[in-house]
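A.B. asks: The structure's right below; bear with me while I get my questions together.
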Amino acid sequence: MAIKAEEISALIKEQIENYQQQLAVEEVGTVTYVGDGIARAHGLENAMSGELVEFSNGSYGMAQNLETNDVGIIILGDFETIREGDKVQRTGKIMEVPVGEALIGRVVNPLGQPLDGLGEIKTDKTRPVEATAPGVMQRQSVAEPMQTGLKAIDALVPIGRGQRELVIGDRKTGKTSIAIDTIINQKGQDVICIYVAIGQKESTVRNQVETLRKFGALDYTIVVTAGASQPAPLLYIAPYAGTAMGEEFMYNGKHVLIIFDDLSKQAVAYRELSLLLRRPPGREAYPGDVFYLHSRLLERAAKLSDELGGGSMTALPFVETQAGDISAYIPTNVISITDGQIFLESDLFYAGTRPAVDAGLSVSRVGGSAQIKAMKKVAGTLRLDLASYRELEAFTQFGSDLDAATQAKLNRGRRTVEILKQKLHAPLPVEKQVLILYALTHGFLDSVSVDKILHFEQDLFDYFDGKHADLLETIRTTKDLPDTDALDAAITEFSEMFAAANNSGDSAKEALEKIDNA
């Protein structure tokens, strides 16, 4: 084959015409120290705070300390194969996580990588883990209820969509159970739930995921987990990653419930990183910006204005106390940031009152305006009545001479405590909560012995489901009480049957069947 000089000449001319003088400028530094999830690098002169950097082994890190001679970096991945002298380069980006519908029903780590063995997550959408919270004019007042399905919370310390409500208590007082029950209760409510597990045992998270799957709640839930065995940087960014995933739905007009379980462990991880990065320690060895750590996270939960789509993100941060001390550093910080707190008391929990909500120390600052009318009417003074009952109960230990009014208050208080008890993973629809609280506050339970209260409740629900479903439907659709005469008549009829059944030894259900057959 003959080589033609003209063709070679034309090719050379084409190459010369297409030649562009380009220089790729990359800022590369050298690792001078690595260990315990952090690294120091020299030579990244123009690195920005929070910027993503890439190590030669493919791991990423986030620039945290910008000092004269070097940059302190937290490593988001495998740091055991990084060596002193390795190269590290800037990416010019901040950290982002995958977001979108593809994450629903999945278990992921804080980097958005799947942990459930169900294959890769097919989404091309990402959001930065750190984002500016909505401003004052981008928000609106909390006005819609976020029903937890727990009588003790929906009646005493109601939560609204877009609210931040702290759940605080010692270990093993039922904080996580409240989270799981609240998620289960969102079934059919068009709410996306995000459960962020920080520093928990892998076996515990597995049990929670299986519980959600069993009740069909995983169909609308994203689980973000940074286990106890994970490096501190992953525990630190886990809540921000979960919030970024929630913001994608919130800014598209949807309603989101995000649960941080728990922020105490995140604060401990941040303290560890700060001390390793040689930042000056403050109270309890936490760094000076530990308040900002949580405030910038929780401020991202909001009820957006109608101009922005009217979406919302409700945050339930959890904080663990030591021996019930809510005046410690992290608890007081988070209490001051949130719109109220639900305090779980270990003494109540071990006495069998579950959920162990302490009515005296728990408060919801904005949730009252989100309660439905029916619940406001039946539960208006319930929290104060319960708190005064606790005080009276303490005084009665000193003497037995009680006037009739005090005795009546004590009797009503004992029945209130019993009614607010609830089985695990059995959230109640709001219309049934209203029904039993109406029966309580209008004296229908005063003649029922305390040990029969929960039987009365269950049989009352069965009776109304079978005979007066229209009254329950009225509460559900109108959000208000039905005709009180009809409601009183129905409850009175059931109460008489229940009393007769107790006298004959039948259950109320059996008595009802006998009446139907007759």
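Cβ coordinates come from backbone N, Cα and C, glycine included.
So Swiss-Prot lists these for the protein:
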- Gly169, Asp170, Arg171, Lys172, Thr173, Gly174, Lys175, Thr176: ATP binding site (BINDING)
- Ser362: site 'Required for activity' (SITE)
A.B. asks: Could you tell me which of these recorded positions, Thr173, Thr176, Ser362, has the greatest number of Cβ atoms within 10 Å of its own Cβ?
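C.D. replies: By the 10 Å Cβ neighbour count, Thr173 comes out on top.
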A.B. asks: Relative to the mean position of the Cβ atoms of Gly169, Asp170, Arg171, Lys172, Thr173, Gly174, Lys175, Thr176, the recorded ATP site, which additional same-chain residues have Cβ within 8 Å?
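C.D. replies: The surrounding set, listed in chain order, is Glu320, Leu344, Ser346, Phe349.
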A.B. asks: Only counting partners 6 or more residues apart, tell me which same-chain residues put their Cβ under 8 Å from the Cβ of Gly174 (ATP binding site).
C.D. replies: Leu344, Phe349, Arg354, Pro355, Ala356
A.B. asks: For the binding-site residues Lys172, Lys175, which one has its C-beta crowded by the most other C-beta atoms within 10 angstroms?
C.D. replies: Lys175
A.B. asks: For the C-alpha pair, I'd like the distance in angstrom between Thr176 (ATP binding site) and Ser362 (site 'Required for activity'), rounded off.
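C.D. replies: If we compare the Cα positions of Thr176 (ATP binding site) and Ser362 (site 'Required for activity'), the gap is 17 Å.
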A.B. asks: If one looks at the chain holding Arg171 (ATP binding site), which residues at least 6 apart in sequence have a CB under 8 angstroms from its CB?
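C.D. replies: In sequence order, the residues whose Cβ lies under 8 Å from that of Arg171 (ATP binding site) (at least 6 apart) are Glu320.
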A.B. asks: Neighbour count, 10 Å Cβ-Cβ cut-off, for Asp170 (ATP binding site): what number do you get?
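C.D. replies: Cβ-Cβ neighbours of Asp170 (ATP binding site) within 10 Å number 18.
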A.B. asks: Once the DSSP letters are reduced so that anything not helix or strand counts as coil, what is Ser362 (site 'Required for activity')?
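C.D. replies: SS state of Ser362 (site 'Required for activity') = coil.
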A.B. asks: Counting only residues 6+ away in sequence within the same chain, which have a CB under 8 Å from the CB of Gly169 (ATP binding site)?
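C.D. replies: Once residues fewer than 6 apart are set aside, Gly169 (ATP binding site) is near Lys175, Glu320, Thr321, Gly324, Phe343, Leu344, Glu345, Ser346, Ala356.
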A.B. asks: Distance check, please: Cα of Ser362 (site 'Required for activity') against Cα of Lys172 (ATP binding site), rounded to an integer number of angstrom.
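C.D. replies: Ser362 (site 'Required for activity') to Lys172 (ATP binding site), Cα-Cα distance: 18 Å.
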A.B. asks: Could you check what DSSP calls Gly169 (ATP binding site) once collapsed to helix, strand or coil?
C.D. replies: strand
